[in-house]
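Here is what TrEMBL says about this protein:
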- 195-305: domain 'Tripartite ATP-independent periplasmic transporters DctQ component' (DOMAIN)
- 32-49: transmembrane segment (TRANSMEM)
- 56-75: transmembrane segment (TRANSMEM)
- 107-128: transmembrane segment (TRANSMEM)
- 148-170: transmembrane segment (TRANSMEM)
- 203-219: transmembrane segment (TRANSMEM)
- 239-258: transmembrane segment (TRANSMEM)
- 289-314: transmembrane segment (TRANSMEM)
Amino acid sequence: MAIRELTGTALAVLALAAAFWLSVLPASSNEILPTLAVLIGSLIGAAVLQGNPGTIAAATVLGWFGIMFAQPFSLSTREFNGLRRQAGRDDQEAADLLAYYEALSPFAIYLMFALTALLLAILIFGMARGRLLFFQNMLAASDGLAKFLNRVGVTSAVVLFSVLIFAIMYDVTQRQYLGFNSEWTNTEWYKFFSSTRVQEMEWHLHAALFLMVLGYGYIQDAHVRIELVRDTMKPRTRVWIEFFGAILFMVPYCYVVMNYGIENAMRSWTIGESSAATTGLPNRFIIKAMLPFGFALIALAGMSVALKCVVYLFGPPSLRGKSNYYAHSHQNPAPAEDDTPADTKHA
């Protein structure tokens, strides 16, 4: 059983990678359909083998968003015209891709609905076959994602903050004291770790630190809230707002940032972008790649929160105490409220 679950979890991780790759492929790429097939096949295998619920949930939701952004069955007018020009130059690959999109474009909206229904069925089947077990696994998925983000956030904070402090101390010491020592300034160490490089490293580390802990901050409910409005709401209303905010606004926005961030980082890598300063840091694509990675973490945090909200709103009363984290306010906790349905009370 352990091997079966491990294999299912590995397939879910493969689906996560396919969803990530699908979101960065250009619309005219001939790899979209094979990547989509890998995504769907891996999700089905993960659900059948009952892999880790958190990984399955993350892969399914991220896969759905990846499909929505990739639009694998249709192209814009500009993209169609570009393919037609390439096909007119006897490009057989472009001609085959053009024929594929021309055949499927009229049915694109129906195919997208069908894929959405399929992914929803995979999610339900992969989580559980019984109502109670379904919500228990959903809560376990939320907790699993939260645990992962907590580890990433704490580890990143400890490592990056420590290195940042050391870089600042070294920069100040070198400029104020060691920079006047001719023996020191002639060493290879001083030339490699010049003041310009160290100062650029400081803001690189600072940016990476914040990006790596964005998801951790949301899981810990540490981001700024408008408590003046939220405190007046009922617990269930707060959870509904949290759910819709995560699903309709935060996760889609994260995908937009990831899409453009990856494109920007890949362009930086292609052209060999480096610092504008002569003695600055090379490989500017590294820090640019941190932007989509950080927003991928906060997208996972949004899914963790959304899953917990679903358990609170629709799950059994026995799980409500474990899923009510976003139902109350830290500044003005809501009074205890009996959310037990009437039919349960009189049973």
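Cβ atoms are placed via backbone N, Cα and C, with glycine included.
All annotation found in TrEMBL is predicted automatically rather than curated by experts.
DSSP places the residues of the domain 'Tripartite ATP-independent periplasmic transporters DctQ component' (195-305) in helix, strand and coil in these numbers: 86 helix, 0 strand, 25 coil. Contact between the transmembrane segment (203-219) and the transmembrane segment (289-314) is present: at least three CB pairs lie under 8 Å, with pairs separated by 6 or more positions in sequence.
Outside the transmembrane segment (107-128), and at least 6 residues removed from its termini, the chain residues within Cβ reach (under 8 Å) are 40, 43-44, 46-48, 50-51, 53, 56-57, 60-61, 63-64, 67-68, 71, 73-74, 134-138, 141. With a cut-off of 8 Å between Cβ atoms, the residues of this chain six or more beyond the transmembrane segment (239-258) that come close are 23-24, 61, 65-66, 69, 230, 233, 291-292, 295-296, 298-299, 302-303, 305-306, 309-310, 312-313, 324, 326-327. The list of residues near the transmembrane segment (148-170) in space but at least 6 beyond its ends in sequence, with Cβ under 8 angstroms from a Cβ of it, reads 54, 193, 198, 201-202, 205-206, 208-209, 212-213, 215-217, 219-220, 297, 300-301, 304.
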